[in-house]
């Protein structure tokens, strides 16, 4: 709903949409760097994660009250600040509760659950936009987020009970030297190349909406159809995440990650070509869903296996910062190229980075090396 709300209701351009998403992603990176060292302490992980989920839910729902583009941007930033703070704690907690031989499946299941939850959201959003309009639908979007925050609080309490009392002193700093010695820099290079081409889904939805709008299909109808197709993207990402987890545990990260980047090249090629048919747009979104579903669990599983528990919070914080910086570059540059040049140039730029990620995937360490 956000692309339509910003461009249709508040009058934002594609460049403004890209800047808002880019700044939000940058703030995620800052908060992940801050939250990473805090997540080195097992006693804090549950509280930080649950508080972050609550903040994201409240700020996201409040976007519906925005009257200007900058107000929506500030609320989006607050939501993403909360999201960034919670992520290292959640990932470090998951890694500590999973056997090393199943880290791929653990993170594949986590991402699959996230994507599966995102399926219901776009489906509900499509109906709400058509029924009550974009602004009221954004208000209602806070409700499931609040329930999710409550569920995280209950789950985090159980995790703390199972973990018991801490017996060692944990340093709440990034420990960059220790991360370097563990091989993080080598693992982060292909991740960075991937993220420099990882365009925010808001721009993909905007492109899909424009392609689907025609004299026979209104902007509102095209928006609802684009959101429905995006729900299919999340279904494919769910299946791909589960597949990635099993594939990773069986063979290691290289082939999984390279395949994820390669199918993104296909997705961007279709978006660049500008096919106006529903089939073409669905193909592009499906390929993007497969790409993100394969790559994301792989990145997290690599970090969890490279590092001991006392460094995982810092490791996930640094990983998140690299992802966020890459997303800022991708989203802002692609948004600007989309506005001042053409979608062909914009998506061609993103595809070039994904090609680089395919080439660099050989630098990822096999799962059996730890």
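Cβ atoms are placed via backbone N, Cα and C, with glycine included.
Range annotated as transmembrane segment by TrEMBL, chosen from 293-315, 316-338: 316-338. Looking at the stretches 29-49, 50-70, 71-91, the one that TrEMBL records under the feature transmembrane segment is 50-70. Looking at the stretches 138-156, 157-175, 252-270, the one that TrEMBL records under the feature transmembrane segment is 138-156. Feature transmembrane segment, per TrEMBL, maps to range 344-364 of the set 113-133, 344-364.
Averaged across the domain 'Major facilitator superfamily (MFS) profile' (1-369), pLDDT in this predicted model comes to 87. If you look at the transmembrane segment (316-338) against the transmembrane segment (344-364), you find at least three C-beta pairs under 8 angstroms, all six or more positions apart, and that counts as contact.
If one looks beyond the transmembrane segment (50-70) by at least 6 residues along the same chain, the residues whose Cβ comes under 8 Å of a Cβ in the stretch are 2, 5-6, 10-12, 16, 20, 35, 76, 78-87, 89, 135-143, 145-146, 148-149, 152-153, 156.
Here the transmembrane segment (344-364) has Cβ contacts under 8 Å with residues 186-187, 189-190, 193-194, 196-199, 207, 252-255, 257-258, 261-262, 264-265, 268-269, 271-274, 291, 298, 302, 330, 333-335, 337-338 of the same chain, all six or more residues outside its ends.
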